[in-house]
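The substrate binding site feature in TrEMBL is assigned to Arg218, 238-241, 306-308, Gln312, 360-363, Arg540, 551-552. What TrEMBL lists as Mg(2+) binding site is Glu234, Asn236, Glu457. The annotation ATP binding site is assigned in TrEMBL to Glu234, Lys399, 453-462, Tyr464, 489-492, Glu515, Lys542, Glu548. According to TrEMBL, the feature domain 'Glutathione synthase substrate-binding' maps to 297-396.
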Amino acid sequence: MGAVHSSSLALSTDPRFVPVTSTLPPCVSKVSKSKSNSSLFGRTRREDKILGPPVSIFTSTVAQNSIFSESLPLKCARFEMGTKNDEVAGKPTLGFVEIDQDLVDKMVYDALVWSSLHGLVVGDRNVKISGKVPGVGLVHAPFALLPISFPESHFREACELAPIFNELVDRVSLDGKFLQYSLSRTKKVDAFTSRLLDIHSKMMESNKKYEIRLGLHRSDYMLDEQTKSLLQIELNTISSSFPGLSCLVSELHRSLLNHYGETLGLDPRRIPANAAVSRYAEALAKAWIEFNNPKAAVLVVVQMEERNMYDQHWLCSVLRERHNVRSIRKTLAEIDAEAKLQPDGTLLVGGVPVAVIYFRAGYTPNDYPSESEWRARLLMEESAAIKCPSISYHLAGTKKIQQELAKPNVLERFLDNKEDIAKVRKCFAGLWSLEDPDIIGKAIESPELFVMKPQREGGGNNIYDGNVRETLLRLQREGTEEDAAYILMQRIFPTISPTTLIRDGICYKDHAVSELGVYGAYLRNKENLIVNEQCGYLMRTKTSSSNEGGVAAGFAVLDSLYLT
């Protein structure tokens with residue numbers, strides 16, 4: 001762990017850090033038993049697959065202490081840390097301390113009980129219908145036993161960037177010519193991106209105006225060890241997962257430290273409040289109000305089999321219980337079969353008018369197995385319902401647009417404030433198109449310093465190490481335009497630290513790295529800016545030997561922050 005500060009962390013005075021006043025929903029997730037990457041972090045479909053069912057909302061202090069009674073200890077791989085006597089600002093720093101094995105076993109047992117009681121769960125992939133029938137085949141979500149240390153200054157930096165990126169996405173989305181031109185080469189070789197651009201073109205030709213615009217985003221970062229810089233990995237504008245489960249993990253860690261913190265020398269007040277699900281629900285509710293039809297519902301677009309349904313259900317539960325807003329869940333195929341567009345633009349699904357369309361699907365080619373799904377996507381885009389995201393917001397979050405925005409003088413096209421531009425540019429890692437022969441040569445010579453990224457979401461798509469060289473050499477030999485389907489990105493090397501990870505009820509110690517995601521919400525009605533804020537955070541930790549980082553994809557576990 002990192003430095004422990006004896007003073008309390010008074011984040012509650014900062015409006016960006018509003019504490020969650022309710023306990024998070026009951027959830028369960030899978031943890032691996034072997035130490036090989038393939039079995040510990042085997043692939044599935046998206047980082048959006050870790051569940052957390054909706055439950056009644058009660059105060060977060062309930063059951064914090066009551067579950068920590070004498071418990072049958074689980075046996076865990078030996079967990080050892082050594083001690084450091086470093087001092088920061090005159091305060092002793094907790095580097096590594098040896099934790100008694102019996103204590104680790106008790107903490108693991110208590111954490112698993114807490115996860116089951118509070119809904120930190122996902123569907124068990126070993127149970128066939130766990131992604132279709134709620135309440136069947138639940139397993140705890142994979143999580144780290146203790147929060148990861150993270151510098152408070154960099155955390156605040158990431159939080160301050162969220163409203164700027166929200167505004168940037170909105171302004172980029174309004175520049176249809178920029179989106180079409182920037183993705184024109186990609187369109188020639190990437191069929192999925194091409195179909196999205198076709199829908200965007202139809203909207204431009206029809207002069208479709210998105211007067212009410214809603215974005216629920218998440219910007220992901222790593223802290224580069226060598227430069228101590230916070231560098232952006234990607235900006236998610238569609239299906240930003242885990243607002244529910246991320247809150248639960250923060251509560252789990254706070255509960256553990258409330259009970260064991262004195263023994264461990266850790267202060268639970270240094271775990272920042274995480275209100276992601278409450279803030280997301282509030283933004284959806286405000287959009288629903290702007291639509292101004294009390295009979296309308298929020299349509300949640302979902303995948304056929306969704307092991308992460310509980311994360312989604314909890315958001316809908318908060319929307320219903322706190323804001324009295326109804327939601328319905330439909331796949332793209334179901335929308336195609338049931339939806340009707342009224343002459344005034346009202347979208348009816350199963351006879352229910354739709355105010356807001358919230359996409360938790362539609363970000364991968366796998367979600368469009370037939371023309372039926374594409375018809376549904378176009379129909380929704382043509383409707384008067386508020387899209388989250390709209391097709392233009394979706395395209396603004398592509399890897400190619402991320403790379404274009406990193407070019408000199410491009411940010412100035414969309415942002416006016418020089419300080420905001422400097423903050424955004426500071427967090428950009430190196431980003432290049434494959435039209436740059438110099439950078440291609442460097443990547444072939446030192447592929448370990450680069451990541452090759454296609455225009456895809458959901459984890460498991462990137463190219464690393466020797467495969468970077470092989471792919472680049474193949475593209476050079478073939479001389480096609482396939483290179484337009486990729487960008488090159490500087491590889492970020494974060495700090496590696498020993499961590500205890502829990503998956504499938506099995507805990508193990510490994511060396512791990514972490515990735516911070518900061519949620520943001522943006523809502524505008526014409527010239528009226530209604531919401532533009534940071535909404536909470538997601539921390540994911542993975543073994544350092546794993547390149548990919550998706551939780552639902554099986555590569556990582558959920559974590560929280562311990563600010564140092």
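Note that Cβ sites are derived from N, Cα and C of the backbone, with glycine treated the same way.
Structure coloured by features recorded in TrEMBL.
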{"residue": "Glu234", "record": "Mg(2+) binding site", "Cβ neighbours (10 Å)": "17"}
{"residue": "Asn236", "record": "Mg(2+) binding site", "Cβ neighbours (10 Å)": "22"}
{"residue": "Ser239", "record": "substrate binding site", "Cβ neighbours (10 Å)": "28"}
{"residue": "Ser241", "record": "substrate binding site", "Cβ neighbours (10 Å)": "24"}
{"residue": "Arg307", "record": "substrate binding site", "Cβ neighbours (10 Å)": "29"}
{"residue": "Ala361", "record": "substrate binding site", "Cβ neighbours (10 Å)": "23"}
{"residue": "Tyr363", "record": "substrate binding site", "Cβ neighbours (10 Å)": "23"}
{"residue": "Glu457", "record": "Mg(2+) binding site", "Cβ neighbours (10 Å)": "23"}
{"residue": "Tyr464", "record": "ATP binding site", "Cβ neighbours (10 Å)": "14"}
{"residue": "Lys542", "record": "ATP binding site", "Cβ neighbours (10 Å)": "28"}
Give me the sequence-ordered set of same-chain residues, not including Glu234, Asn236, Glu457, with a C-beta within 8 angstroms of the centroid of the Mg(2+) site's C-beta atoms. Arg218, Asp220, Leu235, Thr237, Ile238, Ser240, Tyr363, Gly397
Given the binding-site residues Glu234, Glu457, Arg491, Lys542, which one's Cα is the least distant from that of Arg307 (substrate binding site)? Glu457
Taking DSSP H, G, I as helix and E, B as strand, the domain 'Glutathione synthase substrate-binding' (297-396) contains 43 helix, 26 strand, 31 coil
These are the binding-site residues: Gln312, Pro454. Which one scores highest on other Cβ atoms within 10 Å? Gln312
Local Cβ density at Arg491 (ATP binding site) - other Cβ atoms counted within 10 Å: 22
Out of Pro454, Glu457, Tyr464, Arg491, the binding-site residues in the record, which is closest to Ser239 (substrate binding site) when you go by Cα distance? Glu457
Taken over the domain 'Glutathione synthase substrate-binding' (297-396), the predicted model's pLDDT averages 97
Counting every protein chain shown, other Cβ atoms within 10 Å of the Cβ of Arg218 (substrate binding site) number 26
If you measure Glu457 (Mg(2+) binding site) to Gln312 (substrate binding site) at Cα, how many Å is it? 18
Using C-alpha atoms only, work out the spacing between Tyr464 (ATP binding site) and Arg218 (substrate binding site) and round it to an integer in Å. 23
Ala361 (substrate binding site) to Asn236 (Mg(2+) binding site) - Cα separation in whole Å: 13
